[in-house]
Amino acid sequence: MARISHQGAAKPFTAWTTIFYLLLVFIAPLAFFGTAHAQDETSPQESYGTVIGIDLGTTYSCVGVMQNGKVEILVNDQGNRITPSYVAFTDEERLVGDAAKNQYAANPRRTIFDIKRLIGRKFDDKDVQKDAKHFPYKVVNKDGKPHVKVDVNQTPKTLTPEEVSAMVLGKMKEIAEGYLGKKVTHAVVTVPAYFNDAQRQATKDAGTIAGLNVLRVVNEPTAAAIAYGLDKTGDERQVIVYDLGGGTFDVSLLSIDNGVFEVLATAGDTHLGGEDFDQRVMDHFVKLYNKKNNVDVTKDLKAMGKLKREVEKAKRTLSSQMSTRIEIEAFHNGEDFSETLTRAKFEELNMDLFKKTLKPVEQVLKDAKVKKSEVDDIVLVGGSTRIPKVQALLEEFFGGKKASKGINPDEAVAFGAAVQGGVLSGEEGTGDVVLMDVNPLTLGIETTGGVMTKLIPRNTVIPTRKSQIFSTAADNQPTVLIQVYEGERSLTKDNNLLGKFELTGIPPAPRGVPQIEVSFDLDANGILKVHASDKGTGKAESITITNDKGRLSQEEIDRMVAEAEEFAEEDKAIKAKIEARNTLENYAFSLKNQVNDENGLGGQIDEDDKQTILDAVKEVTEWLEDNAATATTEDFEEQKEQLSNVAYPITSKLYGSAPADEDDEPSGHDEL
């Protein structure tokens, strides 16, 4: 998943808060993942059999398989290498793929498509509501989730998006079994980089319904990059994956270094793709037809279905020809339709949408702080990237740099998924192929109070690289101890220690001042290198943790996950108590420092007020020494409120501000 730099943006806070709160705590983010190399997965591979790779697309899906070191993109029963993600119900049967799409014009209300726009979402999601208005089929609310309501055998039936997606996945499974001549039970399935956990899990559930064990849910841009073989390049490369499909647009910027993939930034538009280009052309011709014939053809769903089909064909033709003719017999009220569409007119109708695709490209470069000139490769994914003007605009944006065109853009994602499927199934010839695995447990680092500061959730795609700025927890602290843990519990004592090391020689400075950059780099062989450096002195230390050192068995992983659920409430309470104590200590420390600063607040209040605040701070400090071990969360919060009640009347005379609310405290770094 994406690389995230947790430099939390400070929330707006008042002048009073500005005076009394320092940047005191730091986050210690470090993560470690499980093994990613095929050779490390021995026994499980034996039961996988052939693992297929499926690109489950919004408008089209594609399936591939790796055999003897070679990837085959498989053809369906119509001889096509891509299959429409369509499901339809007639009075006699259920249709999936080409057959479903081909009868769409005659049966629009019972033909389901674009189900990927609904999967894993809630019914009241604004995107779902927007889409539902344009679908010819009915989308209904059931338990807060969108369901499709259609007539099946003349009986109303409600289907979940997972069930519909399962029908498409089942078709891809059937295609693979027809090619291989044997049963297929395992698959790698791809999803857009912006899919959240719910959407990913729903996709896996769809696989289960289809009789497939989805071993991996892989990000589409990463699969596409593998398809282009960029992972075999030794030097670090910055790669733009530009994925313009039928219904969605996704841009990702990846850094690839010796097989380690790092998604630096992702942007896109969930409602921009080939269908939108088709709609522009349809709107143009509908306007012409209505004007010529003095009718409103949009009310004729079957006529609109015919036009949709022919416009898509015309668009494809214009990628290789300068003009094409659209002919539809008995289009509306027995009248035929006949119009010419030139490439120039097609580009004119869609130029604003084509240019709109460059905004996410600019966004990912800006987010990752990468210049256009630093991009090494441009990878095209999705059938809409065949449009000449789209390619021209993108290449012009990058100063004339040519996009990679080594693989059919319709097939790039499925190709990469098939490579990973081949690795998982232990196919001959995949010894040098690296698989991006997922970490089996959450990984993080210990911070003040023994808290497990979680950085990487379990089931995050690897390889990856992370880095973060840390600081010290005490004045003049000469050493920081970095302890890497894995597990699902809130306290590190309940998790598994993977390794630790110290960074020493930190020059004397107040707490929170030193800047210590900690980075970790997990390669494809499951070897983690943790590196810490003091940005002030340049001094650095590192540790290497291999995949067989301190790792848990599957049984232990299962037990820890179960325990995490069982003790979730207990963990939550303990963590809240530690956080309440840290908040009180930090507040008292900040208050004392500000009052003693003669160039700041200390020079603006009289001695009596200063002593009043210092006495209150001393009282809290003594209370902490006597009661911290046994106090409750509420006790710590009460002490903080009492201290605030002493300080606020004094400071409000200076600033006239409202009291600081806990939500106004600046976000900072957890303390080690």
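Cβ coordinates are placed from backbone N, Cα and C, and glycine is handled just like the others.
Which of 69-72, 89-92, 669-672 counts as motif 'Prevents secretion from ER' depends on Swiss-Prot, and there it is 669-672. Under a cutoff of 8 A between CB atoms, and with a sequence separation of 6+ in the same chain, the neighbours of Thr385 (ATP binding site) are Tyr242, Asp243, Leu244, Gln391, Ala403, Pro409. Counting only same-chain residues at least 6 apart in sequence, those with a Cβ under 8 Å from the Cβ of Arg316 (ATP binding site) are Gly383, Arg386. The average per-residue pLDDT of the prediction over the region 'Substrate-binding (SBD)' (419-519) is 77, rounded to a whole number. Look at the Cβ of each of the binding-site residues Tyr60, Lys313, Ser319 and count the other Cβ atoms within 10 Å; the largest number goes with Tyr60. Sequence-distant neighbours of Gly247 (ATP binding site) (same chain, six or more apart, CB under 8 Å from its CB) are Thr58, Thr59, Asp114, Lys116, Arg117, His271, Gly273, Gly274, Glu275, listed in sequence order. If you take the C-beta of Gly57 (ATP binding site) and look for same-chain residues 6 or more apart in sequence within under 8 angstroms, you find Ile82, Ser85, Lys116, Gly245, Gly246, Val413. A helical conformation is recorded for Thr385 (ATP binding site) in the three-state DSSP classification. DSSP classifies Arg316 (ATP binding site) as helix under the three-state reduction.
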